[in-house]
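Shown next, in structure tokens, is the structure this report addresses.
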Amino acid sequence: MREFNSEFDKLLPELRGKCNAALRGFGNLNSSGDTNLYIALKEFLTACHQISTILWDKNNRKHRKHLRSIFSINNNSPLSPRVLSELETVLEKMKNIPGESTSMQEPAALSYAPETKTLTIDGEKYELLPLFLAVRDLYASLPFFKELQTCTEMLEKNPQDATALFQKAVLLYKARRFEAALQLIEQVLEIVPDDFRVWYNRGVVLSEMGRLEDALAAYDRVIELEPVFEMAWDNKGVVLARLGRFEEALETYEKVLLRNPKYAEAWAGKGSVLSALDRKEEALEAYLSALKIRPDYLEALKSVGSLFSRLGRYEEALAAYDTALQAAPEAPELWAGRGLVLSELDRQEEALQSCSRALELKPGFAPALEVKVKILSEIGRQKARASQ
């Protein structure tokens, strides 16, 4: 094992560098235009080939197989030599295409569609998105290497170690590798089918993947196994709202609040649903209930500011935004909301400053731009009236 660690200590920085090069090349593909397409494509494919060579080094099969196992990379990965060989053909074809100089226009034989991530060369089409996603997943996993290695070594000793499987699934989830995390969770459920925590995490992963009906079923299973687990009720409400089933979501939040009226997240969830149903006064009451429990609850403060503004209660809205900005002074949406409220209070110069701050934090932020245009128009009208 010490031998593995010594080699991995050398390989990880190299992998990180190659992943960076591949991701940079792919990013350049989407903004290169015809002129730099050849260079960006060559950078991307060459870096992917180098990553593949590291992971499938024929001179060190045992170590590299262990490395792939740590990162949950199988032989069907787009980075595998077998799958990548098709794109290596592309590299060979590219050698015969002039275009090394950035001043030269690329020949028509080579084109790339950023919308579909499809490369066309000599009439043949190649999908680049799976390869990009494989690199991205590997790069996102690198910070968790030591923890992933520990879990993998536990599983090599005992493939039925539910704890190690679950911990590895959580790590892959943190790396936003949802499909891989879900596969491990399914394995855990084969070993411990009635563990409510595993079902809960299944719901979380499925929700992130946009599989909302499946996520809902997972949360229902959690509630069946452990009815007092409040986070499952809360997440069920969120999923129902995302599905547009607002009345069911509202009923879910009310059920959990009957169990625990001090659950701030449930009050905020209820407020969100009521707001979506345009029941503004009730939504405001729900959010204020959340803030009584957690006065620094940022999401509730944001929503209270917005609701006060929609109800024409601008002084209260301003107070809510000011409180929220104490907790999150670099949130552009708060500065934009504050700007809108100040404009309604006819404090145009202060409103303009708030919008400018939002745009400093996030250039081109559409809500701030819209409010800024409104403010400048109002300032212009006021000056015109004053000059008459």
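The count begins at 1 with the first shown residue.
Cβ atoms here come from the backbone N, Cα and C positions, even for glycine.
Annotated features, as they stand in TrEMBL:
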REPEAT    162-195  repeat 'TPR'
REPEAT    196-229  repeat 'TPR'
REPEAT    230-263  repeat 'TPR'
REPEAT    264-297  repeat 'TPR'
REPEAT    298-331  repeat 'TPR'
REPEAT    332-365  repeat 'TPR'
Review point. By Cβ distance under 8 Å, which residues at least 6 away from the ends of the repeat 'TPR' (298-331) in the same chain are close to it?
Key: 264, 267-268, 271-272, 275, 280-281, 283-284, 287-288, 290-291, 337-338, 340-342, 344-345, 361
Point to revise | Per-residue pLDDT averaged over the repeat 'TPR' (298-331), given as an integer | key: 94
Exercise for review: Over the span of the repeat 'TPR' (162-195), count residues by DSSP class, listing helix, strand and coil in order.
Suggested key: 27 helix, 0 strand, 7 coil
